[in-house]
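Some features that Swiss-Prot has for this protein:
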{"type": "TRANSMEM", "residues": "24-44", "note": "transmembrane segment"}
{"type": "TRANSMEM", "residues": "73-93", "note": "transmembrane segment"}
{"type": "TRANSMEM", "residues": "95-115", "note": "transmembrane segment"}
{"type": "TRANSMEM", "residues": "130-150", "note": "transmembrane segment"}
{"type": "TRANSMEM", "residues": "184-204", "note": "transmembrane segment"}
């Protein structure tokens with residue numbers, strides 16, 4: 001693992017080992033908060049910051065932490081980072097903080113974060129640990145935002161309806177109304193709808209992977225004409 005390239009790190013985080021689509025970790029906040037794009041983006045960025053900060057810190061102290069106590073130390077680091085992020089969100093994005101509620105401190109229990117600290121950051125130098133945290137966090141955020149966009153569009157007929165919660169009053173104009181006089185679809189906003197939407201995203205990824213795998217043998221089977 002020590003010779004893993006940055007390209008492989010990015011590919012794993014965004015696609016091959018995506019926390020939301022492949023590992024299926026952090027499903028509680030993934031399904032509960034992804035009702036709108038803004039809520040999903042807020043939680044995704046908070047998770048990304050946690051992954052980056054905890055990965056870098058774990059990599060920095062990896063030579064000084066005894067193996068017997070590494071897990072409690074990693075959890076303490078993650079909890080400290082999440083507490084700082086929670087206080088910052090309460091101060092600067094208070095309305096969004098009230099909506100996300102308990103799911104911000106619950107980031108501490110996200111298995112993807114402790115998993116990356118244990119499996120990757122504790123064995124890698126700081127630059128690669130940072131890259132892994134960024135790739136995994138942004139990959140998770142992309143899934144959250146895609147799920148939020150799908151549920152908000154089907155459930156409310158809008159996109160970015162609460163953009164001002166994150167980007168300020170100037171962002172009220174960002175809201176898009178996709179369907180005029182749309183009465184909404186309640187199922188998309190409930191937990192069963194979240195499971196269905198996530199299942200559709202996973203199915204789409206599997207279809208893309210299957211088609212890519214079919215192309216590779218076909219390309220390898222093409223004979224190479226001899227020169228001359």
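Cβ atoms here come from the backbone N, Cα and C positions, even for glycine.
Just going by CB pairs under 8 A, the stretch in 24-44, 73-93, 95-115, 184-204 that sits most against the transmembrane segment (130-150) is 24-44. Within its own chain, the transmembrane segment (24-44) is flanked in space by residues 89, 93, 96, 99-100, 103-104, 106-107, 110-112, 115, 137-138, 140-145, 147-149, 151-152, 155-156, 159-163, 165-166, 189, 191, 194-195, 197-198, which lie at least six positions past its ends and keep a Cβ under 8 Å from the stretch. Residues of the same chain lying 6 or more positions beyond the ends of the transmembrane segment (95-115) and with a Cβ under 8 Å from any Cβ of it are 19, 23, 25-26, 28-29, 32-33, 38-39, 42-43, 46-47, 50-51, 54, 71, 74-75, 78-79, 82-83, 85-86, 89, 136, 140, 165-166.
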